[in-house]
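Notes follow the structure.
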Amino acid sequence: MTQLNGGQPFVICISGPTAAGKTQLAMDLFERLNGRIISVDSALIYKQMDIGTAKPSAAELARYPHALVDILDPAQSYSAADFRHAALDLIEQAIAQQQVPILVGGTMLYYRTLLGGMSNLPTADAAVREALQAEAEQHGWLALHQRLASFDPQSAARIHPNDPQRLLRALEVYTLSGRSMTELTESQEPGLQWPSYQFAVAPADRKVLHQRIELRFDDMLQQGFIAEVEKLRARGDLHLDLPSMRCVGYRQVWQYLDGDISADDMRAKGIAATRQLAKRQLTWLRSWPDLHWLDPTQVNLADEAWSTLRDKFATRPQMWLKKP
């Protein structure tokens, strides 16, 4: 585990699977620290998507401001590179103001690019993507995959022809830069320059997590999740291939509104998709070093995290502790 000297700048990272209790821990630490919460969530960036993303309430956001929440329209795209640049700026601002950056969220790709660095890939370009999408509709995804193989066989070997999101990204990178994704990933930007203390929040018992996921999905439905998606669908400019509409739950509710699946199937598929997301998140986390695991069923998350962090403030506590 990275050792942090009291009074020196550092970053707190709170990750974990969906529905585990990450957000509440971040807010509890905010109460005790002179901190700044930065969201690490690819769904919370979108406006008008509150219920299905389990976004903190307006009252909670007023009391515990979260950076990188409600920053984009659902029709827009946001890459891991976009997140990295924005998060680094916010972390620098917080440290300059003697605040502790408290990063919280479950988008593991965002964490990986921030903590471990990333290749110098160009950001997403809507016009290029639209042109590639139109070409795919005319000639088929297999034709685009064959083109990718002609200049980037390594990426083509990794990306299945039926994986349009990754295929589009690889072709987009080449179109924008003139260099293949494989070539660009060889030049890596450095990781986070400040030491980080990393917590992972997750029940040790997988059944408990599955129960939490099911209860939260049902709660979302009771809060008006279907009406939220119906309003987004009625805009006319959104579709299921957009990153925003690929967020867990939104696709299933959209399909229900289209009449493609029943209400029972929508619920079952939404819960199953959320469980698959949690499984992927846990797989990522188990491969990461230096994680301090917190089980919300065994400990008080805030007290356990605080006891772990207290000695980090020993030298100059007035710099980091919340002022009365």
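Just so you know, glycine gets a Cβ as well, placed from its N, Cα and C.
Just so you know, TrEMBL annotations never went through curation; they're auto-generated.
As the structure is a computational prediction, the values presented were derived from the model and not from experiment.
For GLY16, PRO17, THR18, ALA19, ALA20, GLY21, LYS22, THR23, the entry in TrEMBL reads ATP binding site. Sequence-distant contacts (6 or more apart, same chain, Cβ under 8 Å) of ALA20 (ATP binding site) comprise VAL201, ALA202, PRO203, LEU209, ARG212, PRO296.
Counting only residues at least six positions away in the same chain, the Cβ atoms of ALA54, LEU209, ARG212, ILE213, ARG216, THR274, ALA278 sit under 8 Å from the Cβ of ALA19 (ATP binding site). DSSP assigns ALA19 (ATP binding site) to coil in the three-state reduction, placing it in neither a helix nor a strand. Residues annotated as substrate binding site in TrEMBL: THR18, ALA19, ALA20, GLY21, LYS22, THR23.
Through the fold, the region 'Interaction with substrate tRNA' (41-44) approaches residues 52-53, 55, 66, 68-70, 78, 83, 104-107, 109-110, 243-244, 247-248 of its own chain, all at least 6 residues removed from its boundaries and within a Cβ separation under 8 Å. Under the heading region 'Interaction with substrate tRNA', TrEMBL lists 41-44 (among others).
Beyond its flanks by at least six residues, the region 'Interaction with substrate tRNA' (165-169) meets 124, 129, 132-133, 136, 141, 144-145, 148, 159, 181, 243, 246 of its own chain at Cβ-Cβ distances under 8 Å. Here TrEMBL flags 165-169 (among others) as region 'Interaction with substrate tRNA'.
Cβ atoms under 8 Å from those of the region 'Interaction with substrate tRNA' (246-251) belong to residues 18, 42-43, 46, 49, 52-53, 165, 217, 220, 225, 229, 232, 240, 270, 273-274, 277 of the same chain, restricted to positions at least 6 beyond its ends. As annotated by TrEMBL, region 'Interaction with substrate tRNA' applies to 246-251 (among others).
The site 'Interaction with substrate tRNA' annotation in TrEMBL covers THR107 (among others). Long-range Cβ proximity for THR107 (site 'Interaction with substrate tRNA'), meaning a same-chain Cβ under 8 A and a gap of 6 or more residues, is found for VAL40, ASP41, SER42, ALA43, PHE83.
Neighbours of ARG129 (site 'Interaction with substrate tRNA'), defined as other CB atoms within 10 A of its CB across all chains, total 17. Taken from TrEMBL, the feature site 'Interaction with substrate tRNA' covers ARG129 (among others).
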Legend entry - Residue counts (helix, strand, coil, in that order) that DSSP gives for the region 'Interaction with substrate tRNA' (41-44): 0 helix, 0 strand, 4 coil
Legend entry - Local Cβ density at GLY21 (ATP binding site) - other Cβ atoms counted within 10 Å: 20
Legend entry - Neighbouring C-beta atoms (10 Å sphere around the C-beta of PRO17 (ATP binding site)): 27
